[in-house]
Every structure is written in structure tokens, then in C-alpha cells.
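Remarks on the structure that follows.
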Amino acid sequence: MQSDPARVVALDVLEQVRDGAYANIALPATLRRADVRGRGRGFATNLTYGTLRMQGRWDAIISQCVQGRPFDEIDPLVVDILRLGAHQILGLDVPIHAAMNETVNLARNEVGSGASGFVNAVMHRISERTNEEWDQVLAEVLGDEGPHAILGAQTSHPAWILDVYEKSLEASGRTTEDLGDLLAANNEPARVAISARAVSRETVLADAEEARAVTTDGVLMPEAIVLEKGNPGRMRSIRDHSAGVQDEGSQLVAYLTAGAPLEGSDSEWLDMCAGPGGKTATLAMLAADRDVTIFANELHGHRLDLVADAVDPFDNVVLREGDGRTLAKEEPGRFDRVLVDVPCSGIGALRRRPEARWRKTVEDAEGMRELQIGLLEAALDAARPGGLVCYSTCSPDVRETREIVDTVRDRVDVLDTVEIGKDMVVPGTLDSITGPYMQLWPDMHDTDAMFAALLIKK
Ligand SMILES: C[S@@+](CC[C@H](N)C(=O)[O-])C[C@H]1O[C@@H](n2cnc3c(N)ncnc32)[C@H](O)[C@@H]1O
């Protein structure tokens with residue numbers, strides 16, 4: 001019997017990801033090559049992304065079903081087939097007999113009949129328990145390794161990410177009891193939010209309707225449009241860059257940068273780390289009738305090209321390629337508003353990249369520290385006296401958020417922090433935020449875990 005093409009595609013992408021590919025790039029290309037469309041395409045997408053996201057949980061469960069065989073010694077291709085099988089039984093509502101048959105068949109066709117017998121036996125054992133029962137088993141077998149090892153396996157996260165999240169929750173006034181909700185939110189696909197830029201919100205809504213997309217209002221940003229269903233790539237306004245797909249948290253960072261109160265001149269803004277240009281384009285929209293020029297700087301030429309595409313409909317943006325830190329030396333004290341959206345570990349945006357949590361390490365944040373400090377100091381150098389600097393990350397790790405801002409505030413002349421503009425969001429949605437730093441959360445705000453601090457230079 002031939003294998004189901006959608007499952008073959010999913011297996012192919014899992015193999016590519018093992019070799020270092022990004023699923024969001026490998027999957028569309030593999031679907032195209034295999035000419036899988038319609039419902040098969042949707043199934044292959046859910047299966048691939050879901051399996052990658054939940055891989056840690058499935059591996060912990062598979063390890064309990066291999067009857068003493070060391071997990072690390074199983075052929076990686078067989079492991080991928082078992083992960084796909086586990087996800088069909090426990091992660092999707094595929095009927096058990098279909099999931100079993102298809103998985104065993106895939107093993108026979110892709111590896112050989114020896115492997116199919118092993119896969120059959122393991123799949124039987126996986127299917128003997130419900131998710132709740134597997135949670136119990138994992139709690140028992142991992143009991144000696146501590147609560148984070150258990151919760152990490154149950155929710156499919158490396159234990160170090162739980163340690164980092166726990167510290168971040170506490171630092172931003174939440175409790176460690178919220179950790180489970182946060183991890184569960186990471187296992188849901190990110191919502192597709194749209195920022196209307198060179199056209200009105202109404203135009204984008206009409207465009208979405210024409211593309212047969214289903215929309216709803218933003219949770220956080222009154223201006224945002226959320227696509228509940230549909231493909232943004234089919235919308236004209238997305239294709240011609242008059243609107244852009246952008247997380248609501250990222251939209252808010254641009255609104256905070258443009259809208260924070262400022263005394264004195266307000267005509268030159270700097271976006272110091274602009275690529276790929278989502279925030280630059282939203283800033284360009286917000287500056288459009290304000291007689292402002294935006295200088296968009298990016299270190300890498302190929303990412304500056306993406307900024308150029310994103311701001312194509314606007315004529316108020318000047319592009320510059322280079323290190324943001326040297327720019328500040330060349331033009332000290334010039335800019336009225338500066339956004340410094342620094343490179344970071346990205347562990348606040350795990351919903352977007354299903355494989356990301358398995359690639360990142362606890363050292364990633366440490367490795368960025370000097371660069372983040374240097375960029376924030378440079379942003380303050382580039383701002384005029386009394387000018388505004390917005391420091392932001394898409395990570396909640398305190399080592400790259402408040403610790404960076406606190407270090408720089410101690411070192412250089414920062415007059416004050418500015419209160420986060422709660423009037424810019426849907427009323428009530430930022431009420432939990434106290435103090436000068438904004439930390440968003442996927443489980444509370446349905447955004448990436450963006451951090452922002454607004455500073456005024458002396
Ligand atoms: C978090 S991303 C910015 C995202 C962007 N603001 C947006 O909303 O689309 C950080 C960017 O900083 C760039 N970068 C890294 N080091 C830099 C440096 N020293 N100077 C300027 N940009 C830098 C990276 O290439 C990356 O494109």
C-alpha cells in the first residue's frame with residue numbers, strides 16, 4: 001500500500017529540520033514538490049508543525065514504550081515516524097486505527113519491514129493510554145529530576161526555558177503558578193494579526209473578505225485585524241505591502257515609540273535595528289501626516305532589502321546599512337525618537353517557529369548581552385537631549401530585558417522612564433502592568449512575549 005502523500009511530506013520536513021532547515025521554509029517547498037493541496041495540505045501543515053512543537057512530549061512518551069531499548073540508539077528516521085504517529089493519536093483527532101495503519105505503512109515504505117514491526121508495537125503501547133494517563137506516567141518516571149523536568153516533558157519544553165520563564169514571571173509581578181498557562185499558550189499556533197498601513201482598516205477588511213478570510217478584532221490593539229481563517233498571502237494589501245502581517249505586541253511597540261509624550265522638536269526618528277521592517281512600516285504609517293523622517297538602519301544588507309519592501313508604499317523612510325553602534329558615533333544627539341528593537345534569544349516568540357525551542361540554548365541570552373547593552377547605549381547617544389528611546393525585545397528573559405535597561409540606566413544619562421501608554425490598547429488589557437517596563441505574555445495578551453521600556457535622555 002502506498003503511503004499517504006501528506007504524511008510523507010510531514011516526514012520529509014521533519015528530516016530536513018533535523019538537518020538544520022526551518023520548518024516554515026521547508027514545508028511550503030516540500031508541499032509544492034509533492035503537489036499536495038487542499039485538505040491534504042492543511043493536514044500536512046498541522047501534522048508537521050504540531051509534531052515539531054510537541055516533540056519533547058512525544059519523545060518522553062515513546063521512551064516509555066520501547067521496552068528498555070535506549071531512545072538515542074533508535075534510527076532517527078524511525079523516531080520521526082513514531083513522533084508523527086504519537087501526534088496523530090494524542091495530538092490530533094485522527095482515529096486510532098487510521099493513525100496506526102498509516103504509521104506502520106510509512107515505516108514499511110520508508111525504512112523496511114523490520115522497522116514496521118517495531119513501530120507497530122510502540123504505536124500499540126502509545127495508544128493504550130490517554131493524554132491524562134501519560135501525564136501521570138511522566139510525573140512518576142521523572143519524579144527524581146524535579147518539577148521542571150516533569151512539566152517540561154508534559155508540555156514539551158526544555159527544562160531550562162521553564163527556569164527562565166519562572167524568573168521572568170516573578171520579575172513582572174506574575175506568579176510561578178502561571179507557568180503552566182504560559183507553556184500551554186506556546187503550544188498553540190500564533191494568531192495572524194495584520195497592521196493596516198498605507199490603506200485604511202476598512203480597505204484591509206474588504207480585501208480579507210474578497211480573499212475569503214475570516215477576520216476579528218485585535219485583542220490588544222484596537223487598530224489590529226486578526227485573521228481567524230484564511231491565507232494572508234492571498235490578500236492584495238499584504239502582497240503590495242500596504243498592510244503587513246505583524247504580531248499585535250510588535251504593533252504596540254511601534255505605537256509606543258511614535259505616541260509617547262515628547263517635549264520639543266519631533267521630526268527625525270531612528271529605527272536602529274530595522275530588519276525585516278515590520279515596526280519601521282508601522283512607524284512610517286504613524287508618521288505619515290506628522291512631517292517626520294524615519295531613518296531605518298540595519299546591519300545586514302539582505303535584511304535591509306526586506307525593510308525596503310516593507311516601506312515601499314511610504315516616502316518618509318531613509319534606509320541605511322551598518323552597525324547601529326557606529327551610527328550613533330557619527331550622528332550623536334540627532335534623533336527625537338529612537339527605537340532599538342535588539343537582536344535577542346527570541347524565546348518569547350516560540351509559537352511562531354515550531355522547532356525553535358529545540359535549537360535555542362540557555363547561553364543564547366548571555367551571548368547577546370554585550371551587543372544589547374552596546375545598542376541601547378548607542379540609542380541613547382543618538383537621541384537628542386530630552387529625546388525618547390524605546391528598547392524592546394521579543395524575549396521575556398530578564399537577562400535581556402530589565403537587566404539590560406537597569407545596567408544602562410546606571411551607566412548613562414537617562415533622565416527618566418516614561419509610563420507605558422495604556423490608552424493605546426483595548427481598555428483593561430494592560431491593567432496588570434505596573435512600573436515602567438512592559439512585558440506582554442502569550443497566555444494573557446495573545447501576543448509574543450514582547451518587552452518594552454521607554455526612556456528619556458537627559
Ligand atoms: C529583533 S530584529 C528587529 C525586528 C524589526 N524591528 C521588525 O520589527 O521587523 C533585530 C535586527 O537587528 C539586526 N542587527 C543585529 N546587530 C545589529 C547591529 N549591530 N546594528 C544594527 N542592526 C543589527 C539584525 O540583523 C536583525 O535584523
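Just so it is clear, glycine is given a Cβ too, placed from its N, Cα and C backbone atoms.
Among the candidates E298, E363, E366, the residue that TrEMBL annotates alongside C273, A274, G275, P276, G277, G278, K279, D323, D341 as binding S-adenosyl-L-methionine is E298. Cβ neighbour count for C394 (active site, nucleophile): 26 (other Cβ atoms within 10 Å of its Cβ, all protein chains included). For the pair formed by D323 (S-adenosyl-L-methionine binding site) and C394 (active site, nucleophile), distance between Cα atoms is given as 20 Å, rounded to the nearest Å.
A Cα-Cα distance of 14 Å separates G275 (S-adenosyl-L-methionine binding site) from C394 (active site, nucleophile).
Around C273 (S-adenosyl-L-methionine binding site), the same-chain residues six or more apart in sequence whose CB sits under 8 Å from its CB are N297, E298, L299, G324, V340, D341, V342, P343, L375, listed in sequence order. For the binding site of S-adenosyl-L-methionine, formed by C273, A274, G275, P276, G277, G278, K279, E298, D323, D341 according to the record, the largest Cα to Cα distance is 19 Å, rounded to a whole number. A Cα-Cα distance of 13 Å separates C394 (active site, nucleophile) from K279 (S-adenosyl-L-methionine binding site). Under the DSSP three-state reduction, G277 (S-adenosyl-L-methionine binding site) is assigned to coil, being neither helix nor strand.
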